[in-house]
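**Student:** Take a look at what Swiss-Prot says about it:
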{"type": "DISULFID", "residues": "Cys65-Cys104", "note": "disulfide bond"}
{"type": "DISULFID", "residues": "Cys92-Cys156", "note": "disulfide bond"}
{"type": "DOMAIN", "residues": "31-167", "note": "domain 'Ephrin RBD'"}
{"type": "CARBOHYD", "residues": "Asn39", "note": "N-linked glycosylation site"}
{"type": "CARBOHYD", "residues": "Asn142", "note": "N-linked glycosylation site"}
{"type": "MOD_RES", "residues": "Thr277", "note": "phosphothreonine"}
{"type": "REGION", "residues": "170-216", "note": "region 'Disordered'"}
{"type": "SIGNAL", "residues": "1-28", "note": "signal peptide"}
{"type": "TOPO_DOM", "residues": "29-232", "note": "topological domain 'Extracellular'"}
{"type": "TOPO_DOM", "residues": "254-336", "note": "topological domain 'Cytoplasmic'"}
Amino acid sequence: MAMARSRRDSVWKYCWGLLMVLCRTAISRSIVLEPIYWNSSNSKFLPGQGLVLYPQIGDKLDIICPKVDSKTVGQYEYYKVYMVDKDQADRCTIKKENTPLLNCARPDQDVKFTIKFQEFSPNLWGLEFQKNKDYYIISTSNGSLEGLDNQEGGVCQTRAMKILMKVGQDASSAGSARNHGPTRRPELEAGTNGRSSTTSPFVKPNPGSSTDGNSAGHSGNNLLGSEVALFAGIASGCIIFIVIIITLVVLLLKYRRRHRKHSPQHTTTLSLSTLATPKRGGNNNGSEPSDVIIPLRTADSVFCPHYEKVSGDYGHPVYIVQEMPPQSPANIYYKV
């Protein structure tokens with residue numbers, strides 16, 4: 001029993017250790033991309049191309065519609081941002097069944113939508129992405145409140161405000177795309193004074209903040225792009241294994257408890273020394289059967305547990321009279 005318990009404890013420790021290692025690995029591999037401020041002053045939207053990103057599975061991206069306050073410059077821009085297919089992105093059109101990711105219609109607060117690039121979403125309405133596949137985000141609004149619900153054209157056509165997300169792909173394979181558009185860590189452009197060009201034009205950025213586009217550690221991103229899916233598979237396997245172990249332990253405990261209830265606590269045998277003196281007639285000459293009186297209660301008083309509990313409620317003890325053939329064991333004595 002002690003050995004089995006120690007084995008179970010070791011299995012639990014191994015599973016928890018494996019889960020912790022996988023969690024740390026997944027967290028260390030995931031990157032929070034530089035946020036995208038959705039407005040016409042964002043110079044990252046290149047004419048005829050838009051904004052090209054190379055996110056990996058596990059990364060996160062924030063799309064923000066900045067608010068208007070006392071420090072802002074210009075007017076608030078109203079947009080509805082959609083995720084569409086390639087044909088819609090090329091023609092700058094949306095369909096009625098498309099659901100907006102962002103509804104930028106609150107000038108007094110930031111409106112943000114966070115995209116988590118994951119292959120499997122725990123949310124029913126969550127976004128799911130596949131490696132080596134392209135995804136598109138556009139807006140057909142024109143920036144004014146009256147043109148908020150436009151279904152074609154808009155800033156997608158006039159200002160190339162659209163995002164191409166090449167999930168799980170390497171920016172180096174796209175030739176000079178790294179020099180003309182942002183990747184996982186967009187490089188700083190000339191003339192930004194050390195600030196990222198995706199900074200909102202309405203909010204003054206912190207002068208001390210800067211983004212390094214040459215951070216190390218991104219060369220092996222495509223080799224381990226599916227570590228989150230691997231982590232999810234191993235984690236689910238460990239959880240199923242733990243549930244099976246718990247179920248088996250519970251069933252074993254129930255079986256033992258039931259077995260204890262139905263099995264006798266002691267193996268008792270009738271002692272012939274407790275038998276009453278047999279009745280014998282004067283003319284049987286050892287040929288007639290003897291009347292042996294066997295008490296229901298044995299010497300150790302555990303032969304009938306139920307009788308022990310309730311016998312006092314029913315009066316005198318009850319005896320069973322059994323007919324037995326004549327015998328002469330060593331511990332039975334006859335009256336002469």
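The backbone N, Cα and C atoms fix where each Cβ goes, and this holds for glycine too.
Help me see these features in their spatial surroundings.
**Tutor:** Cys104 (disulfide bond) falls within a strand segment according to DSSP. Around Cys104 (disulfide bond), the same-chain residues at least 6 positions away in sequence with a Cβ under 8 Å from its Cβ are Trp38, Cys65, Glu77, Tyr78, Tyr79, Lys80, Val81, Val111.
Taken residue by residue with DSSP, Cys156 (disulfide bond) is part of a helix. Listed in sequence order, the residues of the same chain lying 6 or more apart from Cys156 (disulfide bond) and placing their CB within less than 8 Å of its CB are Ala89, Cys92, Ile138, Ser139, Thr140, Lys162.
The 10 Å shell around the Cβ of Asn39 (N-linked glycosylation site) contains 23 further Cβ atoms across the protein chains shown. Mapped onto three states, the DSSP output places Asn39 (N-linked glycosylation site) in coil.
Reduced to three states, the DSSP call for Asn142 (N-linked glycosylation site) is coil.
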**Student:** Here the disulfide-bonded residues are Cys65, Cys92; which one has the lowest number of other Cβ atoms no more than 10 Å from its Cβ?
**Tutor:** Cys92
**Student:** Does DSSP give Cys92 (disulfide bond) helix, strand or coil?
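**Tutor:** In three-state terms, Cys92 (disulfide bond) counts as coil.
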**Student:** Measuring CB to CB from Asn142 (N-linked glycosylation site), give everything in the same chain under 8 Å that is also at least six residues away in sequence.
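**Tutor:** In sequence order, Asn150, Gly153, Gly154, Val155, Thr158 meet the Cβ cut-off.
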